[in-house]
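J.: Pasting a structure below so you can have a look.
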Amino acid sequence: MYEWLNALPKAELHLHLEGTLEPELLFALAERNRIALPWNDVETLRKAYAFNNLQEFLDLYYAGADVLRSEQDFYDLTWAYLQKCKAQNVVHVEPFFDPQTHTDRGIPFEVVLAGIRAALRDGEKQLGIRHGLILSFLRHLSEEEAQKTLDQALPFRDAFVAVGLDSSEVGHPPRKFQRVFDRARSEGFLTVAHAGEEGPPEYIWEALDLLKVERIDHGVRAFEDERLMRRLIDEQIPLTVCPLSNTKLCVFDDMSQHTILDMLERGVKVTVNSDDPAYFGGYVTENFHALQQSLGMTEEQARRLAQNSLDARLVK
């Protein structure tokens with residue numbers, strides 16, 4: 001069934017470009033930029049990819065991102081991901097990038113953006129993959145820092161379709177960023193936000209009511225709140241679910257416990273995505289395949305999940 005799933009036309013709506021940094025590319029960029037790494041080789045780094053929670057993953061993720069320095073580095077990162085998409089018949093992507101991860105270490109905003117945009121444009125021309133780029137604020141930093149990032153983004157407003165919110169969830173509720181999201185909407189941006197991954201269902205309510213998001217990224221803990229489930233179903237609010245990420249970060253102990261197919265059958269507009277595939281062991285097709293292997297997902301369910309991803313695009 002893997003080949004059939006691979007050939008299914010699909011969109012990816014929850015993908016962090018920095019999370020596609022495969023160990024081989026990470027080492028190549030470190031060499032290009034003369035950066036000493038704490039790992040001796042690719043295999044040693046792969047062994048470090050054992051996380052018990054979101055924070056342990058984020059610590060490694062931010063350390064890895066340090067090799068990204070030049071416009072060419074960001075181009076190469078994005079282009080490598082788009083080639084994976086082409087191989088898996090992902091026809092539309094709406095990736096996140098985290099400018100603060102780079103500007104906080106002295107990389108100019110415009111350098112980061114130029115490399116990513118050039119690769120996305122080439123992906124559309126050469127690979128036929130359409131896109132919409134999402135600028136994501138880091139929630140472990142202050143709202144003031146997010147406002148500064150929005151200031152940096154405004155001269156390039158035509159580069160983005162939306163703003164988002166990611167990084168350490170617990171202790172950083174969506175309400176912390178209500179003003180910057182209000183401002184982003186007034187500037188013409190759509191909004192999305194990570195909520196209900198490690199954080200409680202209340203964070204999903206806040207993302208909907210205070211940040212006024214078009215989509216919820218993750219959202220799996222909505223299953224704990226029946227009133228919230230009814231709202232998601234009634235309003236057909238998409239959830240960008242990331243099964244392999246959820247098991248790798250111990251949101252679910254095992255894929256057999258995942259609720260995505262239960263939510264699908266209840267009528268929630270769930271989609272399948274890879275989140276940070278270099279770190280979590282699989283791109284979109286591998287996430288579909290894991291659901292088939294562990295939960296017995298049928299072809300009909302896979303078709304619905306793929307169609308949901310196409311329907312839930314911000315860029316039609």
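Keep in mind that glycine also has a Cβ here, set from the backbone N, Cα and C atoms.
According to Swiss-Prot, the protein carries these features:
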ACT_SITE  GLU197  active site, proton donor
BINDING   HIS14, HIS16, HIS194, ASP275  Zn(2+) binding site
BINDING   ASP276  substrate binding site
SITE      HIS218  site 'Important for catalytic activity'
J.: Helix, strand or coil: which one is HIS16 (Zn(2+) binding site) in, per DSSP?
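T.: Going by the DSSP assignment, HIS16 (Zn(2+) binding site) falls within a strand, counted as strand.
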J.: What are the sequence-distant neighbours of HIS218 (site 'Important for catalytic activity'), meaning same chain, six or more residues apart, C-beta distance under 8 angstroms?
T.: HIS14, HIS194, ALA195, GLY196, GLU197, LEU239, THR240, VAL241, CYS242, ASN246, VAL251
J.: Determine which residues of the same chain, besides HIS14, HIS16, HIS194, ASP275, have their CB within 8 A of the center of the CB atoms at the recorded Zn(2+) site, and list them by sequence.
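T.: Checked against the 8 Å cutoff, the neighbours are LEU15, GLY19, PHE96, ASP166, ASP217, HIS218, THR240, CYS242, SER245, ASN273, ASP276.
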J.: Taking the recorded positions one at a time (GLU197, ASP275, ASP276), which has its Cβ surrounded by the most other Cβ atoms within 10 Å?
T.: ASP275
J.: Just to be sure I understand the packing, how many Cβ atoms besides its own are within 10 Å of the Cβ of HIS194 (Zn(2+) binding site)?
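T.: 29, counting other Cβ atoms within 10 Å of HIS194 (Zn(2+) binding site).
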J.: DSSP on ASP276 (substrate binding site), three-state: which is it?
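T.: Reduced to three states, the DSSP call for ASP276 (substrate binding site) is coil.
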J.: Can you check which residue among the binding-site residues HIS14, HIS16 has the largest number of Cβ atoms within 10 Å of its own?
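T.: Answer returned by the neighbour count: HIS14.
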J.: Expressed to the nearest Å, what is the distance separating HIS16 (Zn(2+) binding site) and the residue listed as 'substrate binding site' at their Cα atoms?
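T.: That comes out at 6 Å between the alpha carbons.
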J.: Look up HIS194 (Zn(2+) binding site) in the DSSP assignment and reduce it to helix, strand or coil.
T.: strand
